[in-house]
Amino acid sequence: MWPPDPDPDPDPDPEPAGGSRSGPVVPGLRALLPARAFLCSLKGRLLLAESGLSFITFICYVASSASAFLTAPLLEFLLALYFLFADAMQLNDKWQGLCWPMMDFLRCVTAALIYFAISITAVAKYSDGASKAAGVFGFFATIVFAIDFYLIFNEVAKFLKQGDSADETTAHKTEEENSDSDSD
């Protein structure tokens, strides 16, 4: 079951004389999966929805006559997976030199705009069912990406507003100190 048990059953086999164990071993690819707590968070669910919708849209474009548009969903799928694992593995804390919120914001804005444009074209210009399905899934992806960039924008705006209020109080205190010293 996921997540792995923190206290696994004791191993009935004794350890070899020269070997030592350093805790529970997570088998294979399970170690690469994001934590359940992150996947249940709003950001985790949005990234899962973005990657899922991008993959479904990509498959629909592969099967349709509008195959010229399959690059955009493929790239968005790969970028959403990258950000899913980067957020889950907390790479934003490890790689401080990158502006993660801005990169995520730009990824979401461009994805929403591109999905909107190619979805309109796929639905209006092509008549086969796979193109129509790709367009519909593209519209759903547009909505999910738009929600994500709206939430990122609100977080960044709140952070900047807190920073501005701290700068204003510091500047106000400095002005008061300077005015007190001038009156002597």
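Yeah, the Cβs are placed from backbone N, Cα and C, and that goes for glycine too.
The compositional bias 'Acidic residues' annotation in TrEMBL covers 1-14.
The domain 'MARVEL' annotation in TrEMBL covers 38-157.
Marked as region 'Disordered' by TrEMBL: 1-25.
Sequence-distant contacts of the transmembrane segment (55-85), counting only residues of its own chain at least 6 positions beyond either end whose CB sits under 8 Å from a CB of the stretch, comprise 32, 34, 44, 47-48, 91, 104, 107, 111, 114-115, 118, 121-122, 125-126, 128, 130-131, 133-134, 137-138, 141. Here TrEMBL flags 55-85 (among others) as transmembrane segment.
Summarising the annotation, TrEMBL assigns transmembrane segment to 105-127 (among others). Non-local neighbours of the transmembrane segment (105-127) in the same chain are 50, 57, 61, 64-66, 69, 72-73, 76, 79, 83, 134-136, 138-139, 141-142, 145-146, 148-149, 152-153, 156; each lies 6+ residues outside the stretch with a CB under 8 Å from one of its CB atoms.
Summarising the annotation, TrEMBL assigns transmembrane segment to 133-153 (among others). Long-range neighbours of the transmembrane segment (133-153) within the same chain, counting only residues 6 or more positions beyond its ends whose Cβ lies under 8 Å from a Cβ of the stretch, are 42-43, 46-47, 49-50, 53-54, 56-57, 60-61, 64, 66, 69, 73, 76, 101, 104-105, 108-109, 111-112, 115-116, 118-123.
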The correct DSSP tally for the domain 'MARVEL' (38-157) reads 104 helix, 0 strand, 16 coil
Over the domain 'MARVEL' (38-157) the mean pLDDT stands at 90
